[in-house]
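**Q** I'd like to ask you about the structure that follows.
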């Protein structure tokens, strides 16, 4: 009894010890609207049938995705924070669909991705659910409508581009799991850089960053958003979140055999102790974060040299804060969520999946995928 009770404490101690390797803070700057967003998102997902009962709701609630949203958007409240919380919640529900057989069936994954993309192509004012779509797609249609409605076209195009990169990464991960890509499944150890190129998309950070613009009441010009140094700062934000997530989720992913983890890849390549690989990845995260802060300190002068007006200075400052909130907020959530502690590991061990992990009609998708032509992989795979 005593030994069993100590296991969660030991797992939490390991997580906190690893988190202490990061030189940047774990944010506790939580939006005052977080508790309201917590209840809103559970009700929203429940309305579409994502949860089968009270136990499923309780398991989801223990993961506190609302806290992640509240740390990402500490100045947002009301409808804005509710939308951010719904996006984060949907992300993780969607991600959990791939923990079983579906994640190793590229044809089925491609069809699911195509179904989600189809919704992004609909007229947001007149899009209608199709028969048999199910909770995942029906909830996404509602989410997409609320994200897109009333936004500037330049922002909508930006968000959709990032969203498609995120979606296509699931297909590429499935191809890698089955050795269907050149170099995948071979004898040569994978590289951290190659895994990172894919994880920058699958981590889903860029759409979360995009929401900072409508929440803050501004839209960055494409040349500024996509130019130096902002594009590189966004990539550094991706990398810090990826490395943080890979360290926080390491025990869970070792338990389920997930290979898309930079720590595991570093361990495969370098050998030695697992904790040596953890320290190496933490060092990479720290270097990215230091570069980010050094560049952020130079930004006002760079903008002045470029002739930026006060409004642009203010918008860029808000966006830089948004990137910082995502990096530090992700770490703050990672050390307090049940997703990465003993409960989180046991919840996906031994073939078990989350109660909401069967929303895709995976068996039908898998059957439909056999022998049928695939939709195109799209431009989202690989590095930007």
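In case you wondered, yes, glycine gets a Cβ from its N, Cα and C as well.
Not measured: the values here are computed from a predicted model.
Pulled the feature table from Swiss-Prot, pasting it below:
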type	residues	note
BINDING	95	Mg(2+) 2 binding site
BINDING	95	Mg(2+) 1 binding site
BINDING	245, 249, 253	Mg(2+) 3 binding site
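In terms of burial and nearby residues, how do these features look in this structure?
**A** Long-range neighbours of residue 95 (Mg(2+) 2 binding site) (same chain, six or more residues apart, CB within less than 8 Å of its CB): none.
Secondary structure at residue 95 (Mg(2+) 2 binding site), as computed by DSSP, is helix.
When Cβ atoms from all protein chains are considered, those within 10 Å of residue 249 (Mg(2+) 3 binding site) total 20, not counting its own. According to DSSP, residue 249 (Mg(2+) 3 binding site) is assigned to coil rather than to any helix or strand.
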**Q** Beyond the listed site residues 245, 249, 253, identify every same-chain residue whose Cβ lies within 8 Å of the center of their Cβ atoms for the Mg(2+) 3 site.
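**A** My list of surrounding residues reads 246, 247, 248, 250, 252, 258, 261, 340.
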**Q** Can you name the residues of this chain that are 6 or more positions from residue 253 (Mg(2+) 3 binding site) yet have a C-beta less than 8 Å from its C-beta?
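**A** Result: 246, 261, 264.
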**Q** Near residue 245 (Mg(2+) 3 binding site), how many other Cβ atoms are within 10 Å of its Cβ?
**A** 20
